[in-house]
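*Asks:* Sharing a structure with you now.
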């Protein structure tokens, strides 16, 4: 059996002559993708630790994305006499231990009712927002996703350009966590909403950059599984919210933000100290010495092979175009949109992301309309993300991306529409089942679409493209609180669930316009991707 280092050296030595023969077979040309794949080798413990460290950012992403389900919830109330005690009923107020309809509480004098728990359990009760317009009460959640949308546009190219993957994760997580910590000191809904905007702005590129960096630290064989691992960590973050809320029951909503933000700040320190930069990005930017250092620290090759091969192999990488080496804040968008194939792909995944985002964020926000226990319903939604992630892990290499997306978005749309229909005495249970199925399919579709999107674009614009996709999902999150608020105000579930279902079902059809990428290796430049497109 031929020694592996001899094989690798022969491949590298051949690249000098191949560089002078551009018309030979593409497989012989020494590219960044082929060199990095060879240098990284098989998955090892160093790579796993790096993937775990970078993926843990998803944990705090999941917490901050859904935290308003509890902090901004409408508390339950009861009828009370002049001294504030409960009684069965009278001519003005009917006793209830469930959260009543918004209209009934606003028609009563304040001395006839009282909150079941302390006023500080929610921003609604603390700031007397129970009777204000639903646009105001939904403003913090909408501002969070608006921040995600604007932040994604402003920050989208920085991870591809000057900052890189590692620094983008560090600054994004720090801004998200610190603004969340400051939100606990808000004195009114306007300051609170402004801080939620800043939190969303910081969070906007966190998940995208995390996924990109994790996938670029391992070989293509493990790319799908690594992406799914990040989704699982995000699920765990979401899943921690119901128990934290239950332990905080009866206490101030401000505690919620303190408990979830401080660990995020500590995590940023670990990222700064121990996380590696993407070797692919370093090579694209012409920083070969740093790329060699990173590859030596994560490679599974033997020490002898490292010293004999890495320096020589990377020094023989074919020169990149100047536009690839000098990507700035605006040129990345220009590069994406000036090619017909890339502009078509980005518009399609943005449309699909919008539909998926509407359901993914709208469903948990709307569970209160089903007259079901809030803690249990949110827990069910969070728990569903675990089998969703596991199924994605299992099926991502067995089925085509396009087929999976079409099936999942269609089933999610049908289930969402059915959740808005009341037909039997078991309506609440059936509606909850349909809501859970719709959310499950939307979340699985989101997982698949993120992985699909990372495979559709080359390294030089990959983070920017995925950022735009995530911002489309965030736009869905911006719109969904308004639909949920309209459904509550008019007591019409179709304004919420029905519209969400129609949106994801229709926009999911756009996936038929995309090329299949299953088992496709990463490309690193636009020319490589365009050549693949023309095959």
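Using N, Cα and C of the backbone, Cβ positions are placed for all residues, glycine too.
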*Asks:* From the ranges 403-421, 517-535, grab the one TrEMBL calls transmembrane segment.
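*Replies:* TrEMBL lists transmembrane segment for residues 403-421.
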*Asks:* So which range, 309-330, 375-396, gets flagged transmembrane segment in TrEMBL?
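*Replies:* From TrEMBL, the annotated transmembrane segment range turns out to be 375-396.
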*Asks:* Looking at 113-132, 433-452, which one is transmembrane segment according to TrEMBL?
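*Replies:* It is 433-452 that TrEMBL annotates as transmembrane segment.
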*Asks:* Is the transmembrane segment (191-214) packed against any residues at least 6 beyond its ends, judged by a Cβ distance under 8 Å, and which are they?
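*Replies:* Distant Cβ neighbours of the transmembrane segment (191-214) are 50-51, 54-55, 57-58, 60-61, 64-65, 68, 123, 139-141, 143-152, 154-156, 158-159, 165-166, 168-169, 171-177, 179-180, 182-183, 226-227, 229-230, 234, 278, 450, 454, 462-463, 466-467, 469-471, 474.
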*Asks:* Can at least 3 Cβ pairs under 8 A be found between the transmembrane segment (135-156) and the transmembrane segment (495-514), with each pair 6 or more apart in sequence?
*Replies:* no
*Asks:* What is the pLDDT of the domain 'Major facilitator superfamily (MFS) profile' (50-518) when averaged and given as a whole number?
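*Replies:* Overall, the domain 'Major facilitator superfamily (MFS) profile' (50-518) comes to a mean pLDDT of 81.
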*Asks:* When each of 168-185, 226-244, 403-421, 495-514 is checked against the transmembrane segment (433-452) for Cβ pairs under 8 Å, which one has the most?
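*Replies:* Comparing 168-185, 226-244, 403-421, 495-514: 403-421 has the most Cβ pairs near the transmembrane segment (433-452).
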*Asks:* Any contact between the transmembrane segment (256-275) and the transmembrane segment (168-185)? By contact I mean 3+ C-beta pairs closer than 8 Å, pairs at least 6 apart along the chain.
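*Replies:* Counting Cβ pairs under 8 Å (6 or more apart in sequence), the transmembrane segment (256-275) reaches the transmembrane segment (168-185), since there are 3 or more.
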